[in-house]
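See structure below.
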């Protein structure tokens with residue numbers, strides 16, 4: 001009994017009212033802080049700021065129906081191999097020691113020229129694919145690359161002849177001038193009159209120059225980080241390593257902003273511009289620096305990001321299930337509705353007559369990408385696009401009428417709502433943080449929405465989920481494929497004559513290659529398990545196959561993918577070649 005009495009009385013003694021209020025106040029403040037942090041995190045994530053179009057949804061569904069699992073797996077395996085093969089062929093070119101001087105190393109200059117031409121062609125195809133009205137033939141792409149590299153290589157040869165060979169960090173120091181030469185040659189290849197007569201072409205081309213600028217900045221920042229990391233005290237290295245994810249996040253957002261007029265290009269362009277470079281650099285240059293600590297921190301941060309991404313996916317799928325359940329509970333529900341969410345959203349989308357969600361987001365019907373589909377599917381999309389144009393015309397007319405009435409009315413709330421609708425309409429075609437704020441506001445219950453509104457919400461949520469899943473699948477693929485690629489490259493390079501001019505193979509002791517490959521295999525196994533977990537999760541929750549979606553992207557956007565893979569794989573894998581003058585210690589022993 002004494003214990004019972006003590007339990008009954010103790011809350012009154014230990015928690016006076018004032019302390020309870022303070023505890024609740026601190027708890028509410030902590031929750032608000034966590035909410036603000038979550039909002040900021042989600043706002044900065046590129047994967048949260050885009051959706052599929054109905055056309056891409058239909059193309060994906062057709063791909064799933066027509067493609068076997070074997071083909072999907074083969075596509076994923078073969079995608080990075082052409083760029084790897086090109087790099088290995090370059091490494092087969094016999095080289096002489098840099099000590100023999102710049103004239104004796106004529107084979108290096110030939111190799112430098114050839115690799116630069118391939119990289120320049122890749123850059124041109126990147127720009128060409130992202131600018132709708134830009135028409136550049138294959139021969140013109142080759143001409144731009146040859147002209148640019150001729151000037152670039154001759155300039156470096158002149159510097160080497162009057163100063164020293166290898167030119168210290170010559171591969172980096174030449175990036176700025178080479179980019180300037182490339183832009184000048186590209187400008188005259190397109191034609192000043194063409195750019196002046198077509199402002200849209202000039203604007204889209206300018207946006208792609210920002211993407212090229214980001215790539216040039218990455219090439220400069222990461223080596224600078226490596227040099228600084230090598231010099232600073234071990235006590236400061238942890239903080240220094242944390243700068244890399246921040247830098248990557250900033251670059252990703254710049255790339256996403258530059259490509260936001262082509263929303264469905266964003267995952268491919270961002271992942272294969274920033275993520276591929278980051279993964280290749282971590283595999284190649286960190287291994288050359290022999291920095292296990294930096295690698296562990298980078299991998300750990302990627303793991304935390306993956307956990308948060310999976311958590312957001314789980315919340316997204318739960319919301320879609322609630323929408324689907326509310327739709328099936330409503331009147332006139334379709335008993336023959338498909339089971340998986342992609343087919344459900346596709347069937348629902350083809351009968352839409354409203355195209356704007358409760359939050360103001362406009363569902364896109366047409367895709368900026370060209371998808372091959374049958375005649376029946378094309379006619380369905382044409383009809384849906386006609387309905388969307390009718391809807392937007394009526395919406396614009398209603399807005400204009402309301403705007404006129406608001407000029408003579410004193411109802412401020414009506415004017416505010418009209419202004420909000422106008423802002424939403426203006427922002428619907430771009431990817432921006434403003435669209436995300438509605439996620440953190442209290443949304444109405446799905447049961448309270450009309451059937452028509454529920455259909456719009458379900459379709460938009462599914463299109464948003466597909467965009468997010470595509471982004472995560474591509475990121476997981478890169479983090480899995482790049483270390484595997486580097487392991488294959490090291491295994492082959494170990495048997496080539498040029499191995500003596502790479503620090504990671506020149507100083508390799510017996511057993512070190514096996515240990516390196518073992519570590520890479522362990523990392524690949526973890527990333528592969530992460531991808532399999534994601535595939536199983538979305539497959540079980542909403543019937544979506546991450547494997548098929550990954551293969552779908554790799555096939556339908558092969559030109560953009562391969563152009564970026566060729567640029568980064570060729571550049572990064574030969575980055576530490578002794579002839580390029582890369583020395584993270586800044587001692588430059590060959591300068592005497």
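For all residues, glycine too, the Cβ spot is worked out from N, Cα and C.
TrEMBL tags one of the stretches 471-493, 494-516, 517-539, 540-562 as transmembrane segment, and that stretch is 471-493.
Given the ranges 47-71, 72-96, 247-271, the record in TrEMBL names 72-96 as transmembrane segment. Within the listed segments 171-189, 190-208, TrEMBL records transmembrane segment for the stretch 171-189. The range from 8-27, 108-127 that TrEMBL describes as transmembrane segment is residues 108-127. Between the listed ranges 209-230, 275-296, TrEMBL ties the annotation transmembrane segment to 209-230. Stretch with the largest number of CB pairs closer than 8 A to the transmembrane segment (471-493), among 72-96, 108-127, 139-165, 209-230, 565-582: 72-96.
Contact between the transmembrane segment (72-96) and the transmembrane segment (209-230) is not supported: fewer than 3 Cβ pairs lie under 8 Å, counting only residues 6 or more apart in sequence.
Only pairs six or more apart in sequence are counted, and the transmembrane segment (139-165) with the transmembrane segment (209-230) gives fewer than three Cβ pairs under 8 Å, not enough to call it a contact.
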